[in-house]
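Swiss-Prot has this to say about the protein:
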type	residues	note
DOMAIN	37-154	domain 'MTTase N-terminal'
BINDING	Cys46, Cys83, Cys117	[4Fe-4S] cluster 1 binding site
DOMAIN	184-416	domain 'Radical SAM core'
BINDING	Cys198, Cys202, Cys205	[4Fe-4S] cluster 2 binding site
DOMAIN	419-487	domain 'TRAM'
Amino acid sequence: MSATLFDPKSIAVSNPVDTSTQASLAHASQPTGQAKKKVYIATQGCQMNVYDSEKMGNVLGDSHDMVVTDNIEEADVLLMNTCSIREKAQEKVFSELGRWRKLKEEKPDLVIGVGGCVASQEGDNIQKRAPYVDMVFGPQTLHRLPELYDKSTTQRNVKPKDRIGTVDVSFPSIEKFDFLPEPKVEGYRAFVSIMEGCSKYCSFCVVPYTRGEELSRPLDDVLAEIDSLAEQGVREITLLGQNVNGYRGEKDDGSICRFAELLHYVAHVDGIERIRYTTSHPLEFTDDIIEAYAKLPQLVSHLHLPVQSGSNKILAAMKRNHTIDVYINQINKLMAVRPDMHLSSDFIIGFPGETEEDFLDTLNLAKALDFDHSYSFIYSKRPGTPASELPDDVSLATKKERLAIFQKVIRDSTLKKTEEMVGKTLRVMVEEIADRYPDQLLGTADNTRSVLFKATEQQKTDLMGKFVTVKITDFVSPHMVRGELVDILD
């Protein structure tokens, strides 16, 4: 598995509606007339973590009437949703916790919680190293946050080793989805997690150890969540999973729904006009998925398919279980049904044993397939993974040099593709008034580019959430273009 990475950030989530799904968690709300408690959520890592952070806010809102804030100074609860993909992930978490400790010294009643993949790895060691942390929970137990919160607030003065029930990093099947409140969103795009964990066990990856084996949500559960989002005005869905195209959800009759079939079901949900998904694995990118691109216009013309290396030798060492020829053949089949497809991928540069020839294979692959963009990083060991036992025989200086060369190739490709959009007409979903250009609306094209176009005051209201076509006149940046409104499709 490979995750698309974001810079660590805090996200604000709208206050959720009441729902019966948390009825079994009979926690008290704030007393009448008392100000609502506020929770600040710092999110690191992939889209799965962004999704999980939204659910953390929803769970605490539903159980304790909390509201999410993006102002850390006013928060009553601080939650860190951690990611273990990047180098020295654990130390970065403890470094940030050190800064949070100062906030707790100023506000002793402040509750601090650590969740996500680092929490899953470290467990109760987090409270041993940082005893001011009140609760620790894994990706599969975020639905138990209300219970952990209640237990932590009653044990403020208890030493970490004597606390009871404030650490839960277990893997309780996929039950968390059964206890989450109904989704509540603002905007026209939403993430929907369709599965958890990964069973591919790539030699460099910690995900199977932090999120567990692959477990797919039942088909009806996934569709019910998407239906609810569509009723709230969502028009674009991104299906999430560490190995999303390995989805095998159970149907009512006990049969299994595979990923390609799921795409057809989602495409028939009233109101959903766009479907994206991440992160996929080449082993699971089957012909029936490619056929879905030929049949479903809702599937966008953008695919993120991590390859990690252009060298068969390195792919074997990574235990990716496919070759470059297989990968290229898949892309060629896809291009045959979607010639306008934009590709992105993940790459690890400087994996143990990578020679100059191996690196050139990776560079040549990037040039041959003309990737639109990529998430590329130098290799660093992840504790507990098979690759961590390999000799890290590529010097840091060489890794950095190769990464710079590789990323320039990708940047050049991105810029070229953006320049080629000038003169073309793109379908765009309008989302907001542009902050820097108040006379213009901002939307997203199928190929992920941000698109600006001038709009009247009336259009600034009428076109929100609508699909339009825009003829591109110039580019603003490698990932943003500007154009003129051609037609309103809704």
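Just so it is clear, glycine is given a Cβ too, placed from its N, Cα and C backbone atoms.
Shown for the domain 'TRAM' (419-487): DSSP residue counts in helix, strand and coil, namely 8 helix, 39 strand, 22 coil. Each residue in the domain 'MTTase N-terminal' (37-154) gets a DSSP state, and the totals come to 66 helix, 24 strand, 28 coil.
Counting every protein chain shown, 23 other Cβ atoms lie within 10 Å of the Cβ of Cys83 ([4Fe-4S] cluster 1 binding site).
Taking CA atoms as the reference points, Cys83 ([4Fe-4S] cluster 1 binding site) and Cys205 ([4Fe-4S] cluster 2 binding site) are 12 Å apart. Note: the CA-CA distance between Cys205 ([4Fe-4S] cluster 2 binding site) and Cys117 ([4Fe-4S] cluster 1 binding site) rounds to 12 Å.
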